[in-house]
Amino acid sequence: MKKTLMLAGLVAAASPVLAEDKPVLTVYAPDYFTSEWGPGPKIEEGFEATCNCDLQFVAGDVLPRLLLEGDKTEADAVIGLNTDVTARARATGLFAPHGQDTSVLTLPIAWTDEVFLPFNWGETAFVYDKTKLANPPASFDDLLNAPDDLKIAIQDPRSSISGLALLLWVKAIYGDQAPEAWTKLAPKVLTVTPGWSEAYGLFTDGEVDMVLSYTTSPAYHIVAEGDDTKAAAIFSEGHYFMTELVGQLRTTDTPELTQSFMDYILSDGFQSMIATANWSYPAVIKEGFLPEGFAALPRPEKTLFYSETEAEALRAPALEEWLAAFGN
Amino acid sequence: MARSLRQLIPAALSASLLAALVLGTLGAVTIRAGGFSALGPRDLDALWFTVWQAAVSAVISCALAVPVARALHRRRFAGRDLLISLMGAPFILPTIAAVMGLIAVFGRRGLVNGALDALGLPGMTIYGAHGVILAHVFFNLPLATRMVLHGWQAIPSERFRLAASLGFAPAGVTRHLERPMLRAVLPGAFLAIFLVCLTSFAIALTLGGGPKATTVELAIYQAFRFDFDLGRAATLALMQVGLCLGALAISARLTLRAGFGAGLDRPPVAGLTGGPFTRLIDSTAIAAAALFLLVPITLILARGVPGLADLPASIWAASATSLGLAAASTVLTILLALPLALAAPRTRWAEAAAMLPLTASALVMGTGLYLIARPFVAASSLALPVTLIANAALSLPFAVRLLIPEVRVLQADYDRLAASLNMSGWARLRLLTLPRLARPLGFSAGLAAAFSMGDLGVITLFSDGRTQTLPLALFQLMGAYRMDQAAAAATLLIALTFGLFWLLDRIGHHADPR
Amino acid sequence: MLTLDNLRLEQGSFRLAADLSVATGARVAVIGPSGAGKSTLLAAITGFLAPASGRILWAGQDITRTEPGARPLSILFQDQNLFPHLSVTQNIGLGLDPRLRLSPADHARIEAALERTGLAGLGPRKPAELSGGQQSRVALARTLLRARPLLLLDEPFSALGPALKAEMLALTAELAAEQGTTLLMVTHDPEDAAALCPQTLLVAEGLAHPPQDTAALLANPPPSLRAYLGA
């Protein structure tokens, strides 16, 4: 036992030493957020430069954790929630208004929610390689009618946000005809992955021709890799809006600090950095916030979006339609 | 008699810890949920798919293991020992890397389809239920081959010599020597693999092709994540525990102890190795198995090599963390497994307790631990101990299974001598038990370290957001579009996992040079 | 004196009764048909088999419930008398201290025992590096150092050739005589019994008979023994 404890001590010592004496702001965030390659470190750096505090991210399944903890949660704020879970998050009664002026937002849809504040956004889209797919579908209909040897990878709506967004996207375009749309799409689906990463990996490996991702995905390849062969197929029916949100907890023991974090979200410092930190559009776009290649990305003509209540009501039946189409 | 009871105390402690970990956590989740909730038809589909795919995977693994093990038993060639060791590699390969490797071989743009295409033949797809089975066979064929090969080696060579002197044709050898051995060994191998496949989670995810391939463990995950329905998660977990315990009970009845003999690996008896035709069959079996098991690993290793130099510095820190965690959870595994293995020949409950973690849902275990611990301590301060205990618990069944046959041999051979010399307690452990069990201990430690290295940290509830392991970093690289760096991280992960396994196994051999 | 007081042994359907004593310093052969219970009787005396009833006494002291290692006896089994992973010195040293914490004086005693059993210089070797006869000598050297008043032999030399077996038995008898050890020795060979053991304990038909004069017993064996001896 002693040996184990010793080793455990060594491992613990390897993690960074925490700053002491400063007030601590605890923010729950999704797993991807806190890695060196996620937006977490830049947000932490930006906020700590002004707050004289210690911003600590706790990574994991944000909502299940909040639901388990209830009002005993240690979180002061949560970041990275998606619109698909806000209804349940709101129902906990744990959240306080964000207190920001939402009229400064430059989203393609109107946003008036007083509790959950968007910090970046994009739309679902199928991404392809221009050198391999010369004539990508120009509409969702085109995709449904494409030959079945056009293979795509999508994500499971039960475990992935983007997978769930696809359900709502199809519902928004096809409404009652969604089951037929799924039946047409199913033969082209090479596989359904649990999360976005696995599907995108299949795409970059050349295993699939198109992958369910975001309109902003090509920006990474263009800006970070100087590779302009990847593009999002823009569909005439429009694309489903996805945004990531911040909320502050009513139960925070440092209300002023938490409020100043909320104030930081829409500040130029945060918004000018988020495009390349999280490869998505800033919630407030100003001159110079988007690198050149990013700003030049093609934009859909229409943005589709369900309100939180509509989405919550559609979730279960849309899932049933999806499951049925995949033969289950 | 008081003394023999006292000797069981460490095993009882270990067993209680495991019972609390598996059943106690399930209880905590159920209480929090306010009871079990009813299952839907989809859950029953998941149950059926789980049982079906596990059974098919186990049957195929066992069926393929027979010709491969027979060929390995009959043939002697340069590099045979190395090949046998290498062919065990998939069993300890981190899942995430294995899936990448299988896709590189069997995927739409993989080697197999490339060859089929070049020959003008229609392609095949790996995605679907058969993809899940293919992956399970890939993982478990090494286990099955090993068990069957041990069976062959345990047939005394005198029997083969007798058969040769009686002029048996190969068919006669099969009928009188090999079939009875297989009858003794295969049920055990089948059930071991069946159990491993029952609780498989990650494999089914990408290769399953769609929601048809939903396993119970995946359904638990979805009940928790998508619906936050703890009651359903608890019911599913209970179902999984019941299913596994049922399979274990059957396995305990069917497995013949003799089948587990370690075998002495004597060279085959001349005259029974067959003519050119059987030689051709054997060569084909060995070559096919080696290709099937080794090409995916080689491809995935090679793919990441160019990116190794570009890996960010933090990867090395994550590697160090993973290695430290693996070392600590290995020590813990052995500390928990050894008392149970030593007690197993004397009490039935010891082995049963050791098998409990096989039945557990990692997600329910993590959630339950969280619910139990949270009123007392901050979850993030428990990240380390919880990760260690969970990792140790998950590799413990394998360690105990590996140790038990050797413990039986040890006790049969030396219990009386040790007792007559009044060796007991630490002296006995130091002078007799540890040196004589060094080989299975080294092997078990290697497995435990490998499993821990590949662990993605399913227990994210305890994550402190700072401790980054290598598999987690790999996943995060993928999540940040950095697929080439992720491939390099996968190469590093495989290399470190195998290296650690090899090192510990070697230490075991070195400590007991028989 | 070893006393088996109304001893009843049971193993499954097997039953054996013994009510007898063996005098201190005696050399007694244990003889009887295969499966009659010779080894079972030794196992009970050693403490590996708890009797169904009755008592085992040494010098008047009840040792029925004493742990095997704490009984005033040493035993040599048919095989597995040495630990293969320990050196000859360590194997013998276990006779002095089961934890193998050996003082320089202990090492000197081990050297002397090696000398006495004809193994001088072989201390660092592992058992596998020795011949069968040498391995037997190591086990014997250990009993020499343990110096327990009672020595039980469960056919430890049966795997050796006839000449070597005779030599080992002679050495054992010699050492036992030197130390005044009481010797109980299972054997299949009436000649061994006749050569080494003035007394013989017959185990047959569920009963261990009290020791009798070997020569007389062999000259006029009871029917159960006669069938076994084939005489």
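Each residue, glycine too, has its Cβ placed from N, Cα and C.
Caution: TrEMBL annotation is automatic and unverified by curators.
According to TrEMBL, the features are:
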DOMAIN    B:47-249  domain 'ABC transmembrane type-1'
TRANSMEM  B:51-70  transmembrane segment
TRANSMEM  B:82-106  transmembrane segment
TRANSMEM  B:126-149  transmembrane segment
TRANSMEM  B:184-210  transmembrane segment
TRANSMEM  B:230-250  transmembrane segment
TRANSMEM  B:285-303  transmembrane segment
TRANSMEM  B:315-342  transmembrane segment
DOMAIN    B:319-504  domain 'ABC transmembrane type-1'
TRANSMEM  B:354-373  transmembrane segment
TRANSMEM  B:379-404  transmembrane segment
TRANSMEM  B:441-463  transmembrane segment
TRANSMEM  B:483-504  transmembrane segment
Touch test for the transmembrane segment (B:51-70) and the transmembrane segment (B:285-303), at least 3 Cβ pairs under 8 Å: yes
Residues from the same chain, set at least six apart from the ends of the transmembrane segment (B:285-303), whose C-beta lies under 8 A from its own: 64, 67-68, 70-72, 75, 83, 86-87, 89-90, 93, 97-98, 100-102, 104-105, 111, 138, 141-142, 145, 487, 490-491, 494-495
Distal contacts, the transmembrane segment (B:483-504) - CB-CB under 8 A, six or more residues away: 89, 92-94, 96-97, 100, 297, 300-308, 310-312, 315, 319, 322-323, 326, 330, 442-443, 445-447, 449-450, 453-454, 470-471, 473-475, 477
Intrachain neighbours beyond the transmembrane segment (B:230-250), with Cβ under 8 angstroms and 6 or more residues off its ends: 22-23, 26, 29-30, 32-39, 43, 46-47, 50-51, 191, 194-195, 198-199, 216-217, 219-220, 223-224, 352, 355, 358-361, 363-364, 367
Segment proximity, the transmembrane segment (B:82-106) to the transmembrane segment (B:354-373), 3 or more C-beta pairs under 8 Å: no
Distant-in-sequence neighbours of the transmembrane segment (B:82-106), which means Cβ under 8 A and at least six residues beyond its ends: 72, 112-113, 124, 126, 131, 134-135, 138-143, 145-146, 149, 202-203, 206-207, 286, 289-290, 293-297, 299-300, 303, 446-447, 450-451, 453-454, 456, 471, 474-475, 487, 490, 493-494, 497-498, 501
